[in-house]
């Protein structure tokens with residue numbers, strides 16, 4: 001139900017023309033002075049529990065009337081507040097019940113404008129800060145109108161030895177940047193993050209002006225990095241025992257469970273109308289996977305069930321001013337795994353395993369991660385030794401946040417973050433223990449004749465693909481010679497012939513290396529060798545080989561290795577072709593491979609930006 005409450009000098013209405021849904025015997029003309037006018041729309045989802053919605057609405061109206069010291073109340077049906085209305089019968093029943101219950105208190109004079117009539121009205125709003133209020137009433141939990149719990153937050157740092165420390169002892173370095181942000185003492189930093197310029201100058205990603213803000217166009221060099229990262233997560237999840245699925249990007253808000261889950265995210269959604277159905281674009285893959293789990297026949301001996309989807313795309317309607325580069329988008333790619341566990345003991349075990357995946361992703365991306373563990377006080381008191389064990393296994397200090405009560409679907413979670421070039425966290429991998437969604441979506445199994453709604457783990461082993469690339473680019477700010485891990489480099493080897501007579505040899509070598517699954521291109525442009533070498537450096541190519549007479553005669557290649565180089569001091573090694581192949585394969589061992597996404601001859605390569 002949607003309410004718009006207006007503190008009015010006066011409200012006057014007059015019924016003009018009835019519709020097919022019109023109430024019989026209306027009061028055709030009426031009004032009130034010094035009143036609280038309650039414009040009301042009853043929604044389709046309210047029909048799940050009309051009594052509960054009415055009770056919540058009455059409580060909200062009474063609360064506002066008390067704040068404003070108002071005794072006159074006028075209930076005004078106003079369909080324009082919602083695009084997903086209930087049946088007329090349900091609406092009349094709800095409006096009549098609200099009117100009746102308010103009258104029964106004996107504290108108010110209550111009137112109700114007729115339902116199903118076109119009406120003209122005049123209203124004067126008082127214009128003070130509380131004179132215009134809007135409320136959304138959610139059936140069932142009543143989350144929209146319940147008083148918010150007073151939740152306190154306690155922070156401390158736990159070291160791998162299990163000792164507890166004050167946060168003030170850990171305010172330096174990357175971990176210190178996370179601590180300062182979480183406890184609210186980080187100093188504001190101006191300017192764009194470093195990656196915003198890099199993503200364009202390296203021809204990875206660009207803004208798409210013809211789309212909504214926060215939607216990007218992926219260029220070939222960026223597309224291959226994105227696809228390799230997606231391959232990486234898929235391989236990781238498959239090795240872990242996950243089962244890939246694919247689910248829709250849009251969902252019907254008429255489904256109560258979906259409506260309630262979506263409503264927790266407030267206005268950060270893309271909502272639209274499809275015929276008579278009120279729809280939304282997903283902001284995570286939860287909806288589809290929970291729907292699959294709800295329809296499954298689950299036996300205790302099949303648990304845990306680990307379900308995975310690369311959510312391409314998920315959508316969040318972030319504030320325009322908050323959208324920036326690859327860090328905060330309105331459309332993004334999220335590797336999303338949900339694990340249905342037997343019980344809490346099973347959930348804790350899966351949590352440990354999935355946290356290891358998160359730490360491993362940082363190692364494989366050559367990006368240092370720092371962590372914060374969050375949980376309710378009740379959880380911490382019960383599982384303190386377990387918390388100490390996961391910090392010990394992580395081998396680094398972790399910030400601990402203790403919430404006095406549960407305010408989300410999770411009772412415990414860990415967030416791992418990279419730190420950008422300006423000292424700001426980029427939250428990436430996460431694991432969460434969800435104790436709410438299996439009940440909401442009716443995901444269950446039976447044990448000893450009892451229905452069990454088990455805990456569900458939410459896990460993104462890497463965080464969004466876009467934020468991974470953001471972290472990789474930001475990481476270069478701390479490198480003396482900026483580079484991506486070799487397995488992610490759009491071009492892994494670049495061949496630079498000195499003269500035209502060397503091009504044929506270089507071309508044959510290029511073919512051989514590409515067949516060996518090494519992304520290799522050939523700079524056959526009519527430019528100086530010096531310029532070609534400089535541009536290979538600007539492209540962050542890990543291995544650069546200049547080919548002249550000596551290379552053709554001896555077969556020995558002078559390879560500049562970027563990872564071992566220093567500014568103005570290139571590291572060079574003499575290698576034959578097989579040694580080169582072994583070197584590159586060793587540096588990319590165990591990582592996914594894709595062939596070149598750009599033309600291998602640079603003379604034919606277009607510029608994208």
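Here the Cβ of each residue, glycine as well, is placed from N, Cα and C on the backbone.
What you are looking at is a predicted structure, and each value in this text was computed from that prediction instead of being measured.
As annotated by Swiss-Prot, Zn(2+) binding site applies to 286, 338, 458. The Cβ neighbour count for residue 286 (Zn(2+) binding site), using a 10 Å radius and every protein chain shown, is 24.
Broken down by DSSP into helix, strand and coil, the region 'Editing domain' (1-145) contains 44 helix, 56 strand, 45 coil. According to Swiss-Prot, the feature region 'Editing domain' maps to 1-145, an assignment based on sequence analysis.
If you look up Swiss-Prot, you'll see 194-485 marked as region 'Catalytic', on the strength of sequence analysis. For the region 'Catalytic' (194-485), the mean pLDDT of the prediction comes to 94.
Surrounding the centroid of the Cβ atoms of 286, 338, 458, where the record places Zn(2+), the chain contributes additional residues within 8 Å, namely 284, 285, 289, 290, 336, 337, 432, 434, 437, 456, 457, 459. Minimal Cβ crowding within 10 Å, among the binding-site residues 338, 458, is found at 458. Secondary structure from DSSP puts residue 338 (Zn(2+) binding site) in a beta strand.
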